[in-house]
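Engineer: Copying in the features that Swiss-Prot gives for the protein in this structure:
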{"type": "BINDING", "residues": "Leu121, Gly125, His126, Leu127, Glu246, Ser355, Pro356, Phe357", "note": "(6S)-5,6,7,8-tetrahydrofolate binding site"}
{"type": "MOD_RES", "residues": "Lys230", "note": "N6-(pyridoxal phosphate)lysine"}
{"type": "SITE", "residues": "His229", "note": "site 'Plays an important role in substrate specificity'"}
Amino acid sequence: MIFDKDDFKAYDADLWNAIAKEEERQQNNIELIASENVVSKAVMAAQGSILTNKYAEGYPGRRYYGGTDVVDVVETLAIERAKEIFGAKFANVQPHSGSQANCAAYMSLIEPGDTVMGMDLASGGHLTHGAPVSFSGQTYNFVSYSVDPKTELLDFDAILKQAQEVKPKLIVAGASAYSQIIDFSKFREIADAVGAKLMVDMAHIAGLVAAGLHPSPVPYAHITTTTTHKTLRGPRGGLILTNDEELAKKINSAIFPGIQGGPLEHVVAAKAVSFKEVLDPAFKEYAANVIKNSKAMADVFLQDPDFRIISGGTENHLFLVDVTKVVENGKVAQNLLDEVNITLNKNSIPYESLSPFKTSGIRIGAAAITARGFGEEESRKVAELIIKTLKNSENEAVLEEVRSAVKELTDAFPLYED
């Protein structure tokens, strides 16, 4: 390392101590936030490398600055690996985030004011799928589709009927809180039927898609976007895929010079490392274990009548639980669990009656605990600890028992081996 830990600590003790406290928190907490994961040391090394010094506006072979031969190699590695993972003809690895990837995708497919259909936030969609507080809802005329009120599943007949009525230029598929398999072929059929384009945001399930454990949207979507963290287990960032050469040109222009300047080549390098990890056969085993652990936790809640799992179960890395029979709301549940070192987030549920700041539900994800080595037995234990906490929220003796059990689990599965 150019700047080792001792030098860092001596130079900026305040910042060093803050980072050390966060490392301690991550080690001693059970992380269930579905959008978080644990990256490898190789990913962190790449992201902390000397590549952070280099400015490289443009794309490999077409840069505005000199001295880019090496970063061209780095970015090309990331591009080619992304294409191999997802079977796409074109990939842009420069987006700084999933939201910026989505912004560039919209710019490549539609014009401001065009009508777009996206999943309702309470049904499991994302802010960038048309929420009024997001650039997406402010720039385009978004009309939301929802899940069926009884099954809490996507109702493709209802979505088709709605599309025929509103005649969107674009349909957005994908979710941030939907626990079932999404049939992207049906979304493409609906888009074709009404003359719309299809964009898929697979940010949450990209790792499962990469492992062949969830149907891929790439053959069906005009543009597919994703983050590179979450189930993909890479650095925080975005990725855009397409099989259409003309759209690829528009995507590249939308990213640079459209909404970004120079790419973060140290982050691109970290993406390249994580993509190499995804191509390793061990990643498929990891992804399979994520789903097993998610199901194991969900099964514990399904056996308790005081809790309700949205849509009745899970087929991916996450699930939502209605907690209102046990505690006042999801925010209360989140705060109670924080006190026993279990981290998750409050989450709206379909046809939500409470505000987004309170919510009726919590969202539970298995990606991070699986990366630490938790198996189905440990996952069931985690679910039991959540239930125990929420049902004994004023019993300090019970809460202390939970803290001790959490400590046993986190000690048994360290965040990183020394």
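The first residue you see is number 1, and the count goes up from there.
Glycine residues also receive a Cβ, built from the backbone N, Cα and C atoms like all the rest.
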Engineer: Quick one: give me the count of other CB atoms within 10 A of the CB of His229 (site 'Plays an important role in substrate specificity').
Structural biologist: 25
Engineer: Show which residues of the chain containing Leu121 ((6S)-5,6,7,8-tetrahydrofolate binding site), separated from it by at least 6 in sequence, have their CB under 8 Å from its CB.
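Structural biologist: Expected: Leu127, His129, Ala131, Ser144, Ser348, Pro356.
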Engineer: Using Cβ atoms only, which residues of the same chain lie under 8 Å from His126 ((6S)-5,6,7,8-tetrahydrofolate binding site) while being at least 6 residues apart in sequence?
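Structural biologist: Set apart from His126 ((6S)-5,6,7,8-tetrahydrofolate binding site) by at least 6 residues yet with Cβ under 8 Å, we have Asn102, Met119, Gly174, Ala175, Ser176, Asp201, Ala203.
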Engineer: Using a 10 angstroms cut-off on Cβ to Cβ distances, just flag whichever of Gly125, Pro356 is the loneliest among these binding-site residues.
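Structural biologist: Ranked by other Cβ atoms within 10 Å, the binding-site residues Gly125, Pro356 bottom out at Pro356.
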Engineer: I need the CA-to-CA distance for Ser355 ((6S)-5,6,7,8-tetrahydrofolate binding site) versus His229 (site 'Plays an important role in substrate specificity'), whole Å please.
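Structural biologist: It is 28 Å, counting Cα to Cα.
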Engineer: Output, ordered by sequence, the same-chain residues six or more apart from Phe357 ((6S)-5,6,7,8-tetrahydrofolate binding site) with a CB under 8 Å from its CB, or 'none'.
Structural biologist: Lys331
Engineer: Could you tell me which of these recorded positions, Leu127, Lys230, Ser355, has the greatest number of Cβ atoms within 10 Å of its own Cβ?
Structural biologist: Lys230
Engineer: Measuring Cα to Cα, how many angstrom lie between the residue listed as 'N6-(pyridoxal phosphate)lysine' and Gly125 ((6S)-5,6,7,8-tetrahydrofolate binding site)?
Structural biologist: 16
